[in-house]
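Feature annotations, reproduced from TrEMBL:
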ACT_SITE  Ser220  active site, charge relay system
ACT_SITE  Asp346  active site, charge relay system
ACT_SITE  His375  active site, charge relay system
DOMAIN    140-381  domain 'AB hydrolase-1'
TRANSMEM  27-49  transmembrane segment
Amino acid sequence: RPACAMDWQVLTREISLYLESQVRVGLFGSGVGLSLVLGFGVAYACYYLSSIAKKPQLVASNDRFCRFLEEYCPVVTETYYPTIWCWEGRVQTLLRPFITSRPQVQYRNELIKTADGGQISLDWFDNNDSLYYPDASTRPTVLLLPGLTGTSKESYILHMIHQSETLGYRCVVFNNRGIAGEDLLTPRTYCAANTEDLEAVIHHVHSLHPSAPFMAAGVSMGGMLLLNYLGKTGRDTPLMAAAIFSAGWNVFESVESLEKPLNWLLFNYYLTTCLQSSISRHRQMLEKLFDMDLVMKARTVREFDKQFTSVMFGYRTIDDYYEDASPCRKLKSVGIPVLCLNSVDDVFSPGHAIPVETAKQNANVALVLTSCGGHIGFLEGIWPRQCTYMDRVFKQFVQAMFEHGNKVFSM
């Protein structure tokens, strides 16, 4: 029998047994209530299994890369079962920060200087108790890039570190300028298009551990920045591979989606206030170049970028900035194996803007597209407090690359 039919029968039987044990036949004075509840449960289970729970779409032009993923990262070929009571994209996006746990991580902070006189805050998880890699000089290292206003304290970053800890790896989190509590020494922050700070961090980390295998993983804007860096450097990078999660591929499409009324109410306005809050502490430094009163009046991300981000990095117009920041333009030039996870119901990165055809033109790129999951959501299980689908993809892919990476293009 088809797997879906078997799943449907098993779930239906479990629902029936549960309801029979919990609901009396006399509900609402007769057995009608039980029948209605049971019928609704069966109908919902059928809908969930037929329309919600699906295998992700794996897009890759390189058959050997596909076979590598199927063997060493099988989660990308398995059916993704979103949390049955919150599978819709917006709900997953909103709930993840509140539902998921926050593993305890002890960081070692390092401030590094930049060529223009600024400073960048790095948070290290050295994993000196690693049983699999006791030699720190050859311990695999994962560089983690948080989202737009995110830091090393984000739950999704903490979970990535927890997954890496169990595998014996070292992690270092790249906090964008002025975000993690450090002072701005120059009137400059960050953006998705400018890769200078990321290049400095990658060079610094690699110089400290030149014999250690080195990967990177970027989330949301961190993924966009990482993709833009990889598109710029091609094969000329110390990174052996990269994982990208919920990246916004086309910034024009992303901001248009976020400006729809409901999305503006749920996400855009809040994100704009987060951006403003992240720079308000540095107002005295930034007022040297910007009309901060005007910046603080922005009510959308687009308005903030027009008054602040695009001006800071010297773009003639905001459209010039958004074009340069869109990773879809640089995907053809990526020169190392990259796995990109997106959900097609992500309002931050609409499904129609994911560059499927472009990805097929680069043998180094694989896209994993789920039908549900939202933006950095990917919740699964009845009470999704611990591991998410995204966490499992991260863990399996970094382990596959560190332990079997030489087989990617030799299978």
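Backbone N, Cα and C atoms are what each Cβ position is placed from, and that goes for glycine too.
Other Cβ atoms within 10 Å of the Cβ of Asp346 (active site, charge relay system), summed over all protein chains shown, number 28. Per-residue pLDDT, averaged over the domain 'AB hydrolase-1' (140-381), rounds to 97. Ser220 (active site, charge relay system) and His375 (active site, charge relay system) have their C-alpha atoms 8 Å apart, to the nearest angstrom. Taking the Cα atom of each, Asp346 (active site, charge relay system) and His375 (active site, charge relay system) are about 5 angstrom apart. Close to His375 (active site, charge relay system) in the fold, though at least 6 residues off in sequence, lie Gly89, Gln92, Thr93, Ser220, Ser246, Ser343, Asp346, Val347, Phe348, Ser349, each with a CB less than 8 Å from its CB.
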